[in-house]
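Report on one structure; see the data block that follows.
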Amino acid sequence: MAELKNDRYLRALLKQPVDMTPVWMMRQAGRYLPEYKATRAQAGDFMSLCKNHELACEVTLQPLRRYELDAAILFSDILTVPDAMGLGLYFEAGEGPRFERPTDTIDAIKKLAVPDPEDDLGYVMKAVSTIRRELNGQVPLIGFSGSPWTLATYMVEGGSSKTFEKIKKMAYAEPAALHMLLDKLADSVTLYLNAQVANGAQSLMIFDSWGGALSHTAYREFSLRYMQKIVDGLTRFADGRQVPVTLFTKGGGLWLEAMAETGCDALGLDWTVDIADARRRVGHKVALQGNMDPSMLYAPIPRIEEEVAQILAGYGEGTGHVFNLGHGIHQHVDPEHAGAFIKAVHAQSKQYHK
């Protein structure tokens, strides 16, 4: 494997000194880029794009050609794991992801097998190894998965949900069934992430997009407990260096202390969290990633620069901060505004790393 030329992102996650704050964007390979739209049209549909390792590699690299980003993230989807479990994933126009065969009964859950990542998810592994090769040491490659709770919400609900009625009914009326599902998912995600590392991923992120829908105690029981199980089972060293792990619960600002106890290296913050407060609470234990509101990229460029300055000042001096948005970049953002954001982070952060 080629020597890593820019390891700023990995160093910041491990709280090692850096020359400036590293930056990348969730969904940086996405619909706001005209070149992404062209490649997606070539693929035919979203899952065909995910399943073609050459095209998945192409869209992963597209934002790096435009911007001086400090990391690449695998182009894939969190629902690859449930799809490999045989649920029949498809995308409904305007509806988002749906499953032909939801796992909303204990019998359906019992029948689920843990997928073999090299076999059932071989297309993802091929994408990881292709991207790692093509990056040629330019920046590190982030591998990722959804959290067990978040994957379970789609599997039980049969797709996206605003109320999470079916999975919450299962959580409170049939908790043993849900725990069985979450346990299988934790095993599946651990194998999946370790296979990504074996194929070249240099950092890992677990997206708990719907953890914030849970009550205080239910979050620990149904989400955090299973992320903890995954963290305990992950490969944390490869290619002669540490593989940092970031946990991100959207809406999880209440639970930063509990998340920091898992042994992860970093926590992702959404835009509802004050980064200065987060650093006071958990900065002694973990690095922090975030956390500009993605909608701020619609603002005039001087306003974006002002917001960047505010977040950098909030975090303050020293390493342990990876700048990012508080969630994925929106599809209608002007690519020039994204570029101005990235430049602002690099230019304005040097003063905090002297």
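For all residues, glycine too, the Cβ spot is worked out from N, Cα and C.
What Swiss-Prot lists as substrate binding site is Arg27, Gln28, Ala29, Gly30, Arg31, Asp77, Tyr154, Ser209, His327, and the listing cites sequence analysis. Tyr154 (substrate binding site) falls within a helical segment according to DSSP. For Tyr154 (substrate binding site), the same-chain residues that are 6 or more apart in sequence and have a Cβ closer than 8 Å to its Cβ are Leu79, Pro82, Pro97, Phe99, Ser160.
Per Swiss-Prot, the feature site 'Transition state stabilizer' maps to Asp77. Long-range Cβ neighbours of Asp77 (site 'Transition state stabilizer') (same chain, at least 6 residues apart, Cβ-Cβ under 8 Å): Phe46, Met47, Cys50, Pro97.
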Have a look at the binding-site residues (Arg27, Arg31, His327) and report the one with the fewest Cβ neighbours inside 10 Å.
Arg31
Under 8 Å by Cβ from Ala29 (substrate binding site), counting only residues of that chain that are 6 or more apart:
Tyr36, Val59, Thr60, Gln62, Pro63, Ile73, Phe75
